[in-house]
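Some features that TrEMBL has for this protein:
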BINDING   Asp135, Leu136, Thr137, Arg162, Gln178, Asp182, Arg331, Tyr335, Tyr336  L-histidine binding site
DOMAIN    60-396  domain 'Aminoacyl-transfer RNA synthetases class-II family profile'
Amino acid sequence: MRLILNTCLYYPKVFYRTRSRQIDDTLTKLLSSKQEESNRQSIHKNEHVTIHDKILKIPRGTRDYHPSQMKIREEVFRTIIDCFKQHGADTIDTPVFELTTLLRGKYGEDAKLIYELQDRVDDDDNNEKLALRYDLTVPFARYISQNKISAMKRYQIGKVYRRDSPKMTRGRYREFYQCDFDIAGCYDPMIPDAECIKIVVEILDKLALGQYKIYINHRKLLDAIFTVCDVPNKLFRSLSSTIDKLDKLPWDVVRNEMINEKGLSPEVVDRISRYVHMHGNVNLIDQLRNDPQLSSNKLAIQALHDLDLLFRYLTLFNVIDKVIFDLKLARGLDYYTGVIFEAVLTKYQFNPKLDDDQIAVGSVAGGGRYDELVEKIDPKQRHVPCIGVSIGVERIFTVKEHQQTQLKTQSKTVETEIYVASAEKNFLEQRMKICAYLWENGFKAEMAYKRNPKLLDQLQYCEKHHIELCIIIGSSELETSSLKIRDVVTRNEFVIPRNQLANEIRIHLKRIRQKLTDNKQQ
């Protein structure tokens with residue numbers, strides 16, 4: 001010890017310099033050791049995350065819906081269902097899988113997108129080949145045939161499945177909902193067709209998605225065009241699928257497919273081009289009637305008569321300003337036989353100059369007449385004409401979510417109207433009694449799942465979840481048989497007699513909702 005002190009006295013700089021180096025070395029070793037341990041933990045954590053990421057993820061082309069997204073979805077569904085019911089439709093449901101033989105040969109080139117299921121080897125019904133439904137139309141035709149129905153107006157909402165290349169920002173999934181409205185039965189021409197288009201207008205107007213147009217064409221008119229342009233009959237359906245790509249691809253690409261894949265001559269393709277680039281309003285019908293080649297074609301004459309009648313009815317339904325007669329609209333599915341239509345949002349069309357993450361959903365509704373589908377399915381070949389429309393709700397969800405993000409608003413995801421809180425300890429039983437009373441009287445109410453929650457936490461929960469009213473009970477309220485009511489938005493508080501709770505709550509909730517309605521209108 002004396003030696004160390006002497007060393008410090010006589011060689012102070014040397015001693016502290018040496019000691020400092022020892023401390024630095026020790027710290028360096030400690031830090032290095034901790035860094036190595038941290039690296040090992042990080043590697044282990046990353047491996048753990050990687051392993052779990054491979055397991056804990058959803059398949060491509062599917063999605064989870066969070067509470068705020070579910071709120072949007074419920075509101076969209078409610079709007080659509082209300083409209084379907086307003087037009088007198090019943091509802092049905094069908095299995096998510098059907099016999100593969102039923103689905104084959106109904107979807108043209110899109111048949112490759114059908115999800116076929118593989119049976120277990122030991123299954124007693126291993127001869128029954130199954131596939132997930134591609135849409136709701138073919139199952140509806142099977143339902144009509146199997147139940148020997150001759151006339152029906154129905155709507156159905158359900159999931160369908162397609163082995164497509166998913167693109168989430170465009171609302172294209174492998175599992176998605178369809179909302180269908182169909183009219184089956186023999187009726188006078190174009191009356192049901194006009195109503196289906198009217199339904200599309202009503203739904204899109206109520207959903208407030210922005211400007212849109214409904215494009216209309218006729219499958220028989222397309223067939224007539226192919227005939228006068230010398231297209232072989234066997235190519236009619238596959239060529240319709242090719243024409244249908246014109247809303248996504250430039251003409252040069254579609255033209256090359258017609259020549260190189262379909263085997264058409266350039267002269268035939270150029271004749272087709274002259275027709276499919278035509279679009280306009282009801283005046284285009286007269287122009288086509290005067291066309292030297294189409295004027296003598298029976299299919300063209302019938303199709304143009306149908307369209308003339310349809311446009312007259314659409315005028316009576318006050319929706320003629322929403323529609324465009326467009327000869328390039330083809331809708332690729334094989335079962336269409338007459339009028340076809342498609343609704344497109346003007347603001348959310350794909351722009352090739354922008355990146356792939358743009359919100360471009362394409363069509364949000366489409367449909368048409370399929371007069372021969374039930375006949376092809378029915379064992380006795382009963383003829384039941386049908387017309388239907390399908391609302392593309394996934395694409396509508398994408399647009400509504402984008403709109404909400406732009407507005408930067410938070411939606412109320414729970415429907416709770418009243419929260420029952422306590423200002424003091426040991427009031428759990430009183431809170432439970434009040435909740436039971438509210439539930440029994442039809443109110444949407446909840447409380448904290450703690451015996452003695454803090455009042456501040458309870459009030460913050462109300463504000464976070466946009467709950468309109470908060471009932472607060474304490475010793476003074478218990479003694480006077482009263483309850484304190486707090487308006488969560490204004491934070492005003494007032495006391496009411498306990499025996500008048502239900503009536504007072506209804507009055508105040510009505511007042512709050514009326515104020516919210518007035519604010520929205522302003």
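Heads up, the Cβ atoms here are built off N, Cα and C, so glycines get one too.
Shown here: features listed in TrEMBL, placed on the structure.
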{"residue": "Asp135", "record": "L-histidine binding site", "Cβ contacts under 8 Å, 6 or more apart": "Tyr107, Val160, Gln178, Asp180, Leu333, Ser390"}
{"residue": "Thr137", "record": "L-histidine binding site", "Cβ contacts under 8 Å, 6 or more apart": "Asp180, Asp182, Tyr335, Tyr370, Leu373, Gly388, Ser390"}
{"residue": "Arg331", "record": "L-histidine binding site", "Cβ contacts under 8 Å, 6 or more apart": "Arg219, Ser240, Asp244, Ile340, Glu342, Gly366, Gly368"}
{"residue": "Tyr336", "record": "L-histidine binding site", "Cβ contacts under 8 Å, 6 or more apart": "Arg219, Gly368, Arg369, Tyr370"}
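The Cβ of Gln178 (L-histidine binding site) has 19 other Cβ atoms within 10 Å, all protein chains considered.
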